[in-house]
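Reviewing the structure listed below.
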Amino acid sequence: MSDGAMKVYGRLAMIIAALVVLVILDRLFTGPVAVVSGLSEVTLTQWVVGALCLAITVMLARVVKREVIHGWLERRSGKDVPPLIGSLVSGLVIFIGICLILAFVFQRDVTALVATGGASLMILGIALRDVMLALFTGILLNVEKPFRVGDQVRINDRLTGKVERITWRTTVLQTGANETVYVPNLQLSSAVILNQAQPDNRSKRSLELTIDYDTSVESAERILYAATLAAAGVTHVSPPTVFARKLTPDGVLYEVAFTIGNYGDGKKAEHAVIKSILQCMRDADIGIAFPKAGSITIEGRTRIANRSLDVFHLVQQVRLFRGLPQELCHRISGALIEHHFAAGATIVRAGERRHSLFIVGEGMAKRTASDREGASVEEQRFIATEFFGRKALFACQPHNATVTAETALLMYEFDRRAFGRLIAETPALIETFASALAHLAWRETYQHSADEEPPPDVIDRLINLYRGQIEANYGPRTEPVSLAAE
């Protein structure tokens, strides 16, 4: 036992021990004292037992105040309990002990005392109601710990902030606007508290947007899923989900939900996802629905029924074909072969001699290659309007990596036969495609924008390179390759 504990309990323990001895030696003590004092032995016995019970009560009050209130409770909460709490609790223990001593030791009626004490406590409670409720609520918050310092909480769906500190009367929050808010613990006792940091830091976010009826649900689902998954800087804990929620007069209402690893990145993640969705919808020539009349125009019906128009717009958005004449884009879109792949399906394998260019229409594809040790290393993801297989089509080389469907995928294939027919019908297209490939390679290699013009000597060298590849594989003397050979 420490010196402090000895000082607190030592003298009181000695008094209790002496009184216990007097109770045990009752007959040896009470007789002589009764003769000297003139009191009865029964009265003396009552006083000795009463003094012993009072000493035990005081000892118990000190134990409750020191070991429970200012000991266990402070260790449990990690904060100092106000001295008023300990004094009130110890005083209550002593009051109850005195009432019990009067009732059972001295056989007195304590009804009036209890009533007086109750009335006094009631008056005191009314006067200090808010203070006492706040203090006891603070005790409960510190013991139950529904949230801790550093947690992000939302109170009654109105106030959101990070817990800076918890006192016995107030909880201090730091809001996203860098404002400090003091919330009385009394209000927290009846509030609905959402702790975003429990059970962990993951946070599920959701966005809603309305898309016109002229876009099929399958197409919208693939585009939104791929756009969410491809959002830059967003770490997804689990795959996102896309649901068609409601049919509205303006279009179909979709809900896009995704889970991030840290709730603190919520705004940045939502910004990145919205940016990615808008970009993918723009590439796919799909717009957000806006209020419109209740009738569908002839042009609207034509667009709903004409799938080839969507393919033409897709071709125009592909980086390789941007800037090509519309007539040529129409010819390319008419030659594309449509494929549907389930998530996880293999599109091409590394080393496969399939001389085709693949364009992502909707969804997401993933290309993986093996390093020198043979381990799979993810290289790139492809979303709508992006393509792969450039060398396979124009240089007739095997695919250098395996490409699989990351999501349900709508894919368009521009194969060697279709490209060969275009060249055979219009040989001048060799120069057109060589120039397009050269400009694309220059921008990718040197990270230049489409508005910048490359140096003439550099671009001429690249054009000659790609012209030679195309002429070698698709020139007049090139024998057509059968499907079996490919």
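Just so you know, the numbers here start at 1 and follow the chain as drawn.
Cβ coordinates come from backbone N, Cα and C, glycine included.
If you check TrEMBL, you get these features:
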{"type": "TRANSMEM", "residues": "12-35", "note": "transmembrane segment"}
{"type": "TRANSMEM", "residues": "47-64", "note": "transmembrane segment"}
{"type": "TRANSMEM", "residues": "84-106", "note": "transmembrane segment"}
{"type": "TRANSMEM", "residues": "118-141", "note": "transmembrane segment"}
{"type": "DOMAIN", "residues": "320-423", "note": "domain 'Cyclic nucleotide-binding'"}
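Note: the domain 'Cyclic nucleotide-binding' (320-423) comprises 25 helix, 41 strand, 38 coil (DSSP; helix = H, G, I, strand = E, B). Sequence-remote contacts of a segment are chain residues at least 6 beyond its ends whose Cβ falls under 8 Å from one of its Cβ atoms, and for the transmembrane segment (84-106) they are 46, 49-50, 53-54, 56-58, 60-62, 64-66, 68-70, 113-114, 117, 135, 139, 168. This prediction places the mean pLDDT of the domain 'Cyclic nucleotide-binding' (320-423) at 88.
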